[in-house]
């Protein structure tokens with residue numbers, strides 16, 4: 001595998017630049033963040049790749065030399081779930097094997113050497129499924145570790161394969177959530193468990209590790225707590241102190257109704273569970289900053305194990321409030337904000353040393369790294385030391401530089417070193433220079449632009465097609481992002497990759513209107529009660545700016561598409577004169593009937609957006625209802641409606657209702673449904689069909705289908721079309 005990986009570099013360099021197709025983009029290798037060993041000379045990562053020939057996925061683990069960038073394959077064992085550096089030296093690894101010979105549904109912990117992986121040995125057998133392992137070697141030589149899994153109400157680990165079944169399929173609820181994202185809730189919850197691997201030295205001097213005792217559920221003793229919290233909770237929700245004595249985790253406020261509140265606390269607990277976890281910033285903690293009641297996230301221990309850095313929002317019920325960086329001192333039981341007035345909302349934090357930190361934050365359509373000293377005052381304004389692309393992970397190397405994993409519009413994976421003093425130091429690898437599927441992609445295919453919106457200057461992105469010629473005209477593909485508190489950013493986007501759209505023969509425009517994130521909290525906050533006001537006006541002004549500025553963009557044959565909030569906007573556009581500016585529309589998982597918001601899972605979202613429940617703020621719900629009779633009577637632009645059955649954020653009835661309405665109005669329309677997908681389409685085979693239908697639909701009406709012989713057509717999808725029309 002390793003030799004083939006490096007042969008691909010030559011192939012990529014030698015191949016001609018070709019259009020990026022859905023098959024190429026979806027089937028290209030997908031790599032994880034690179035995790036360095038203790039000395040910082042070797043990194044570890046995994047790669048997965050889907051084959052449309054075999055309809056299966058291959059996964060392998062690799063090592064990368066952090067000086068030369070050269071990679072070698074460590075293992076392609078498909079049973080391996082995760083691998084981490086154990087921390088005892090620079091070559092010992094700890095991994096989770098996803099099978100257990102003795103316990104169906106259980107997993108095993110194995111120890112291996114990176115130079116002799118085949119001779120790994122089993123260190124522990126675990127009775128249930130677990131993920132997200134973190135470990136440290138203590139002063140005694142033993143390994144303390146934590147991982148996450150499901151828990152029964154009594155605190156024991158939940159095993160899906162051994163769980164009790166009932167004669168009836170009935171589900172009974174006395175509280176909400178009933179369902180969340182893509183899952184109906186059960187009595188099982190998520191928890192962080194701790195354990196120990198005891199060290200011993202064999203006769204030949206080799207250190208061996210074996211399980212010492214069982215696992216301890218650190219979350220369950222706190223009534224109502226859950227960590228990580230689904231659906232997006234993960235490894236960032238908990239941490240193990242470097243000395244192995246403490247564990248910190250995040251949980252939603254257990255005393256508040258889950259579906260109506262975003263409040264969450266950071267907890268601290270001894271690794272052995274000898275005391276019950278307590279919320280360091282909960283309502284009963286004297287250290288809690290006054291008026292700070294929103295979500296907490298990303299707790300991380302300092303290198304000396306004495307402090308915890310974390311983020312918290314001020315406002316409960318507002319999921320897109322500004323994250324502020326705080327540091328909790330274990331010894332002093334105090335909480336200190338850092339750069340409190342900084343007008344950005346950082347999303348991850350890393351300790352460079354005991355006094356200085358680095359955070360990643362959205363910033364002007366990218367995710368950049370910023371340095372923050374431990375004594376930063378409220379008015380400290382961090383300066384970015386990375387620029388283009390979007391950082392997904394950062395680790396401190398032994399020389400205090402950072403190992404960064406990122407992506408961009410033009411590369412799915414980039415690895416480099418950087419520091420606050422020097423910026424980007426050395427690029428080690430980039431997927432567009434490794435993978436034949438991505439060869440020819442470059443930053444020159446993308447650029448940003450600024451335009452005057454409803455009340456402020458706004459930013460957007462332009463993506464150019466293959467062999468772009470400014471003397472020619474290309475139909476506009478106008479993409480509207482979801483959220484609404486989100487942004488089109490310089491990052492690899494599997495679900496809505498602008499270059500895949502562009503290489504059909506479009507110039508793609510992606511504006512960031514009111515509500516977008518990364519441009520200051522005022523712009524984000526301004527979306528409340530303003531979906532069809534400033535945000536809608538921003539989109540019309542973005543279209544007008546493009547129409548007036550770029551001669552090579554054909555707005556007469558333009559198309560528009562968007563997911564979620566973007567899909568709402570598409571249907572709102574359909575009911576307005578602006579809808580006649582487009583030849584075709586595509587809406588993915590969008591709301592249709594205002595009152596149907598009562599069916600959503602996270603009620604805090606809609607009740608914040610519209611400033612009340614659907615009975616308290618009925619006018620606000622109706623003011624953003626694209627199904628109003630006067631709007632429906634204007635529907636006339638061909639529209640593809642996409643909605644999946646497991647979307648519990650915006651249930652599928654919204655999509656069916658919209659499609660029914662379009663059909664009864666006689667508007668050319670099609671309904672695309674995935675019974676096994678949620679608010680996103682992530683399955684590789686489903687994603688291919690999604691792109692075929694979306695691109696086929698817009699190509700049919702924009703003229704691209706006639707001008708580009710290689711353009712995707714609706715007929716490229718092999719699934720049958722149900723058409724019951726006489």
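Glycine too: its Cβ is placed from the backbone N, Cα and C atoms.
Per Swiss-Prot, the features are as follows:
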ACT_SITE  564  active site, charge relay system
ACT_SITE  647  active site, charge relay system
ACT_SITE  679  active site, charge relay system
CARBOHYD  90  N-linked glycosylation site
CARBOHYD  97  N-linked glycosylation site
CARBOHYD  154  N-linked glycosylation site
CARBOHYD  260  N-linked glycosylation site
CARBOHYD  384  N-linked glycosylation site
CARBOHYD  399  N-linked glycosylation site
CARBOHYD  454  N-linked glycosylation site
CARBOHYD  530  N-linked glycosylation site
CARBOHYD  611  N-linked glycosylation site
SIGNAL    1-19  signal peptide
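Feature map: Swiss-Prot annotations on the structure.
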{"residue": "90", "record": "N-linked glycosylation site", "DSSP (3 states)": "coil"}
{"residue": "97", "record": "N-linked glycosylation site", "DSSP (3 states)": "strand"}
{"residue": "154", "record": "N-linked glycosylation site", "DSSP (3 states)": "coil"}
{"residue": "260", "record": "N-linked glycosylation site", "DSSP (3 states)": "helix"}
{"residue": "384", "record": "N-linked glycosylation site", "DSSP (3 states)": "strand"}
{"residue": "454", "record": "N-linked glycosylation site", "DSSP (3 states)": "coil"}
{"residue": "530", "record": "N-linked glycosylation site", "DSSP (3 states)": "coil"}
{"residue": "564", "record": "active site, charge relay system", "DSSP (3 states)": "coil"}
{"residue": "647", "record": "active site, charge relay system", "DSSP (3 states)": "coil"}
{"residue": "679", "record": "active site, charge relay system", "DSSP (3 states)": "coil"}
Original post:
Taking 384, 399 as the glycosylation sites to compare, which has the smallest set of other Cβ atoms within 10 Å?
Top reply: 399
Original post:
Among the glycosylation sites 154, 611, which residue has the largest number of other Cβ atoms within 10 Å of its own Cβ?
Top reply: 611
**OP:** List the residues of the same chain that sit at least 6 positions away from residue 679 (active site, charge relay system) in sequence and have their Cβ under 8 Å from its Cβ, in sequence order, or write 'none'.
**Re:** 181, 182, 564, 589, 644, 647, 649, 650
Subject >> residue 611 (N-linked glycosylation site): secondary structure state under DSSP, collapsed to three categories >> reply: coil
Original post:
So which one is it: of the glycosylation sites 260, 530, which has the fewest other Cβ atoms within 10 Å?
Top reply: 260
Original post:
How many other Cβ atoms sit within 10 Å of the Cβ of residue 647 (active site, charge relay system)?
Top reply: 24
**OP:** Give me the Cα-Cα distance between residue 97 (N-linked glycosylation site) and residue 90 (N-linked glycosylation site), rounded to a whole Å.
**Re:** 21
Subject >> residue 97 (N-linked glycosylation site), number of other Cβ atoms within 10 Å >> reply: 20
Original post:
Between residue 454 (N-linked glycosylation site) and residue 530 (N-linked glycosylation site), what C-alpha distance do you get in Å?
Top reply: 11
**OP:** Could you measure between residue 530 (N-linked glycosylation site) and residue 611 (N-linked glycosylation site) for me? Cα positions, answer in whole angstrom.
**Re:** 11
**OP:** Work through the glycosylation sites one by one (90, 154, 260, 384, 611) and name whichever has its CA nearest to the CA of residue 399 (N-linked glycosylation site).
**Re:** 90
**OP:** Ten-angstrom check, please: count other Cβ atoms within 10 Å of the Cβ of residue 454 (N-linked glycosylation site), all chains counted.
**Re:** 18
**OP:** Do me a favour and check the Cα-Cα span between residue 260 (N-linked glycosylation site) and residue 154 (N-linked glycosylation site); whole Å is fine.
**Re:** 26
**OP:** Check residue 399 (N-linked glycosylation site) against DSSP and tell me helix, strand or coil, would you?
**Re:** coil
**OP:** Identify which of the recorded positions 90, 564 has its Cβ surrounded by the largest number of other Cβ atoms within 10 Å, counting every protein chain shown.
**Re:** 564
